[in-house]
Amino acid sequence: MSRPGPKPAASSRPRRGAAASHTQEHVNEKNIGSSSKPAEKKGSDEVTASSAATGTSPRMSTTGAKAVKIESEKSQSSEPPVIHEKKPKGKPKEGSEPQTLPKHASDTGSKHAHKEKALSRSNEQIVSEKSSESKTKFQDAPSADGESVAGGVTVATASDKVVVKKKEKKSLTPTLPMESTLNKLSDKSGVNAALDDLIDTLGECEDTNKDDPPYTGPVVLDPMDSTYLEALGIKEGTIPPEYRKLLEKNEAITGPLPDSPKPMGIDHAIDALSSDFTCSSPTGKQTEKEKSTGESSKAQSAGVTRSAVPPQEKKRKVEEEVMNDQALQALSDSLGTRQPDPQSHLRQAKQVKEAKAKEERQEKCGEDEDTVPAEYRLKPAKDKDGKPLLPEPEETSKCLSESELIGELSADFVQPTYQEKPSMPAAKIKKGVVPDDAVETLARSLGTRKEDPEDEKSLVDKVKEKAKEEDHEKLGEKEETIPPDYRLEIVKDKDGKPLLPKEAEEQLPPLSDDFLLDALSQDFSSPANILSLGFEDAKLSAAVSETVSQVPAPSNHTAAPPPGTERRDKELDDALDELSDSLGQRQPDPDENKPLDDKVKEKIKAEHSEKLGERDDTIPPEYRHLLDNDGKDKPEKPLTKNTEKLGQDQDPIDALSEDLDSCPPTTETSQNTTKEKGKKTSSSKASKNEEKTKDSSKKTEEVPKPKVDEDAT
């Protein structure tokens, strides 16, 4: 409280020198023979803490605090100054400065006598030297800051009474801050307090009058403390050239410094927020109040306010705010004044209106017929002769009268009053004339179809327009172009004569429409009518079997239809008649008459391989005795085989139809189909076994014909 702390403007050179000398002396004293007892360490720590507490006092920003600092510095300057001489690096002087202890140190020693008993004489000398050095530091600090002391004297004139009272009480300065700092340190370090209690139980240390032997070893030096590094910018020679230009620019600026924004209080913040809710008062009264408040504030600023000393926490906050303001001002000074924006005058200039562009109309390609290229012009459609086709006129629908419209709309609800003309019945189609399609009978009621000119052109003509026709001889069209491997070989006999092809079977006569309708509608009619049907020839029955081969016979014959269903039967008959007319006559397929042997011979070669037993030379001697018996030991062949061999010379349908006259026609058709299949298979085997067939034919001539053949003739 009584002594001010060091100012921030003081240079750091004397402090570093004092710190270096202090560390050098402390090392020498330890090497000479300082005791290492815990009681002595305790006393030294307490004295250093007290000296540090008195040396570091917080700064104050109010006028009263400045006056107290200045008066305290004056009282210190009135005391005789202590001259510090540079100590040699050799042995330090013992007991040279025991009398230079400050008054507050002696007062603290009297109050804490029970703690100082544990200190030794050698430890007292170390404490006295440290206290004297701390005193010299405090005396050097105000001497370096003489300008600040001189500036603060003018402020202290307003508080003379306070300064006089403090001069009288200078000799009796209280030691309360020291005690508070010691108590805080003792509270913070609970481990040290526990160690103090243990040390007190040991008792007082015995006084030893014997001096420790002097230290004769080498001098211990700390190279890091002895080196001095100059900070960049302390001297003018260390300032870089780039930063010198900034300093020169700042010196040339003579404008007023910007006012730092003042912190707003709670009342000002409430007034600013509540300004939107309060009603606005008249302007005349407000200006008068502002003038009166301005004059009163000026009058009050002339006098100096006297207030109590703020606590330490508030002092720290005020000092931090002052330092922040000073740092911001220093930064703002380095920036300089704001230069005017070169583009600001352009905004204020008048905008020049440009002349509107002239609109010119340009003709686009394709708007007129002249601008359309010849390649993209529409070509009119032409006939085969090259004449342009005229568009066909659209047929306009005839307007219906009101009565006709009402009749068409009310047809679903009521019988229309307007009756159309009775339509003429369509002419009956003759049975000889057959239409092209059954759908055309329905299309006649829709009207005539318009002919499209494009329909007349065939697809072949369209292809000829784009591609040229070139005749290429295909492989195999002529016998010369067929390769020898793929040429058909003529089938020859054993003698080398070519075999003549078999005569084609007799073609079936074309069937009449009535016969086909009767054959198709036999399932719909009664079974009595089925029995009445008679076939003239056996060949006709085979033709019917080809058309209706897979129709199954009805298992349950229906009874005679009731009389009410006669009309429906007639309608069905008429529909069947129309369908049968659309079918037309059946044309025979030329591929059906070809035997299967021809198809096979086209792909593979017919090679005759001699089989064992065909000649006498090839018969083994073991089986020759069978031929000598002339077939006496052979069993008789069944009649079924003979009947199958007879089918080659005689029509099988004629041979088998006599046994099946009593059966219904459906069974006959199924049996005929099976016989035809057997006929085809037998014909395929006939080419391979030609010699056997000749022998079998000779044997069949000798065998008498059965009774079935006699009945057929």
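Even glycines carry a Cβ here, placed using N, Cα and C.
Noted from Swiss-Prot: of Ser106, Ser582, Ser687, the annotation phosphoserine belongs to Ser582. In Swiss-Prot, the annotation phosphoserine falls on Ser122, out of Ser122, Ser180, Ser189, Ser307. Summarising model confidence by region, the repeat 'Inhibitory domain 3' (451-504) averages a pLDDT of 73.
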